[in-house]
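TrEMBL annotations:
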| type | residues | note |
| --- | --- | --- |
| DOMAIN | 9-88 | domain 'Kringle' |
| DOMAIN | 110-193 | domain 'Kringle' |
| DOMAIN | 214-293 | domain 'Kringle' |
| DOMAIN | 347-427 | domain 'Kringle' |
Amino acid sequence: PPECKITQQGGEYIGRKNVSYSGFACKPWGEEWRTTILGNGTFFIPAFPDYKETEETHNFCRNPDGDGAPWCSIENDMNFEYCDIPFCEIQEVQVGPEGNVYPECRLTEKGKEYVGTKDVTETGKPCLDWSSQPYGMPWDFFNQKMHFSEHFLNLNPSIHKNYCRNPALYREKPWCFVSDADIEWEYCDIPFCHNLSASLNSILPPECKLTEIGGEYVGRWNTTISGFQCKHWMANFPRSGNAISQLLSAFPDEVDGSHNFCRNPDGMGHGPWCYLREKGKGFDWEYCDVTSCPQTGERCDIRVSGNCISGSSFFIVLNVFGLHTIIYSTFVEHQSISPKECKDDRKGLNYVGKKNITKSGYRCQQWMTRIPNALREDFYWKAKSFPDDLHPSHNFCRNPDGSWKGPWCYNGDGTDPERDDCDIEYCG
């Protein structure tokens, strides 16, 4: 039998792999997975693709309960782990004509990463707003126990308005709900992008994010900001995660055993992240060095809600479906735009200046790193904790915890004190 899967969940897989992703031997499937038919014998339940198999030693990776991928039980405290079953290469990805530029095109066959603005189906029917949830929970939204909103990129259907999307597992390409209750939904005609990669089976994805949260990112970065290797999403060791079992729909791409790329399926507030392969660091995940996609001629140090307020040029940005897409721009030649280097009140919660040295002379640690100080406060993962958008090199004095002393930062030298206040003058 083929040693690959056709679908994300791999319910059809009948291969002979019998070790888990981390190399643990699979245990035979027990009695709870069998049923007895009077006069015919005992068989596996029909959810097994080889349910007529009668061998009691059957310990091959399968997915009889509709989990995110084939798995098996193992002799370990985790009890189970997914198996490393790759996708079958069925066909080459098509390449669109020149001029098709992401995000107004799709990078993959299924187009789960598509975040363009097409809002009509391939037959011309207007799309309905996703947040209206006109026909309840679709059957192929993974993990029906999760809220409807948690199946969308950035976990928020409202920012996707009525644009074509593909949050489901078994739709062939982007689609949307329509007002005709007899059909409920239709596919959209979304072209492929032209960006070619070295492989004929893929299109080169952008190595940047379009939104602050970055749920749409499908790049190939697989190390954290501090340089730690990312753990494969299918692996339960060294630390078990629930991203696959709970949030599979919110991945912008399909996942198999080779996938250890930075993603943001659970809406971490400041961008794509991953679990660490290494143990004993005092933390098990960290953000990745995924920056915001630059606009033509733009160098931006500070953004507020996607708008650049500090750089070598200034762009007027219209907020489209929550993704900051440039509609028109103004270029200020040879003129630097700088935010105020002062605070309006004692706490300075709205300070967005560029000071990155504390009053004692310590260099500020980048807010998105967990080295040398392993940040654990909720502002590390909550969106809108800062007055501006964080990015990997952002180490400017801020006040995310509302300290009465005003803006501060962590000591980037890793010495005592762990954090120190910044000397920010009052405005006026």
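Placement of Cβ uses the backbone N, Cα and C atoms for every residue, glycine included.
TrEMBL annotations: computationally assigned, not manually curated.
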Considering the domain 'Kringle' (347-427), which listed stretch of 9-88, 110-193, 214-293 counts the most C-beta pairs under 8 Å: 214-293
DSSP-derived helix, strand and coil totals, residue by residue, for the domain 'Kringle' (214-293): 8 helix, 14 strand, 58 coil
Counts by DSSP class (helix H/G/I, strand E/B, coil) across the domain 'Kringle' (347-427): 3 helix, 12 strand, 66 coil
Integer mean pLDDT for the domain 'Kringle' (347-427): 95
DSSP-derived helix, strand and coil totals, residue by residue, for the domain 'Kringle' (110-193): 14 helix, 10 strand, 60 coil
